[in-house]
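Undergrad: Submitted below is the structure of interest, expressed as structure tokens.
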């Protein structure tokens, strides 16, 4: 009876989406062991089915009340479920990109898919982790999978270098983060659960306020590296440039989603007593990230590096939602995160498709693409302009919601900085569009002149990347006009 009671108290149903992913990983491993030849299409179908089942379970959980699983180590509520949905959706959208990239590169898909699912699993657990040990282990799962994906193409020296850099920087940031967690553990008198630590902090002797500040700064520095916030961003352009492009698309979303969920939970549960001062730190990081990310993107010539610096600036915009605070602030962050997922993956899908057909990602090599492939050029332009926040595209409405929530909370300088940097970002996005639509024959690049494409009239025979582009471009371009259901979903995730 005692064992039965303990087992029922684990609430394993709450962990079912992650359990499906674990089963999926094990099944793919067993399938690879018993198969004589790698069946790439079968692997993609299996991973798709697992992720879709996981998403369906998450949608079902969203309609249920909050629960605590694994004796307090794992909390499931509407807010964490929303982030887990974003993470699993990101993985679903990145699998077609990976399949085509791996097929053209001639390397094994099995391990790549396993690392992709493993990283997704780490990010999902991180979003719902409720104690210090689970937080650190899930963060390391996310990090370890990221390092392996970054350096996956062993024959490419740039990929090897990127993987090694990421491993060293990631290990350093994890050490700083773990040091901050150890201070939380000590200051709380040996508690590992977030709410127990928060209770201890509410009764903390004022003489220990400096120590709690030190713990907070260590944690924010560790998370800052994961989010590529300025001044912790120096590693990301080099690492992302050397990584396989589908990995860059995947990590630019999934690391942000997991790290932002963790930041909100730690700031909201443990450090509400530091709310005003901690907001000052987050404001500074947001302002620096928006300014530096957009300014450095203006001088880049590689599409991957431009989108890397753009992702640094986007992390700054997303921080505005945390600074703005509960309800409206967090809801606007969730809405923009959903929109950013589709805008970013849509842009990367276009870059991957062009790269697979030409072998380049330099901006000037896109010159005149509209004359050869108007569909791809139009989709890429739409996704980039949406990232810039040009009305009436989806990105514009997402940014307006973020800025309005911060303005209502009184962060006027932060909002003005966000508006100014958004205007600056239009320059480098428009510059890319300008290259795409060049019509003069003499200006068309060598790669575009040699560019060839095949488009099937049948939807079922379309390239998987093209299907991705259809979906992401539609959402990036038009969903913002009808965004009320998305806002309702985000607000309900916060209010409940």
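Note: Cβ is positioned from N, Cα and C throughout, glycine not excepted.
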Undergrad: Pick from 210-230, 441-461: which range does Swiss-Prot record as transmembrane segment?
TA: 210-230
Undergrad: Could you check whether the transmembrane segment (79-99) packs against the transmembrane segment (334-354) - three or more CB pairs closer than 8 Å, residues at least 6 apart in sequence?
TA: yes
Undergrad: Determine which residues of the chain contact the transmembrane segment (109-129) at the Cβ level, with the cut-off under 8 Å and only residues 6 or more beyond its ends counted.
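TA: Cβ under 8 Å, 6 or more out: 17-18, 21-22, 24-25, 28-29, 32, 38, 40, 43-44, 47, 50-51, 73-76, 80, 83-84, 87-88, 90-91, 94-95, 98-99, 102-103, 135, 137-146, 148-149, 152, 250-251, 254-255, 257-259, 261-262.
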Undergrad: Which range wins on Cβ pairs under 8 Å with the transmembrane segment (305-325): 14-34, 133-153, 377-397, 400-420?
TA: 400-420
Undergrad: Hey, which of 167-187, 244-264, 334-354 has the most Cβ-Cβ pairs under 8 Å against the transmembrane segment (400-420)?
TA: 334-354
Undergrad: Apart from its near flanks, which chain residues at least 6 from the ends of the transmembrane segment (167-187) lie with a Cβ under 8 angstroms of it?
TA: 132, 135-136, 139-140, 143, 146-147, 151, 197, 200-201, 204, 208, 211-212, 214-219, 221-226, 232, 235, 239, 270
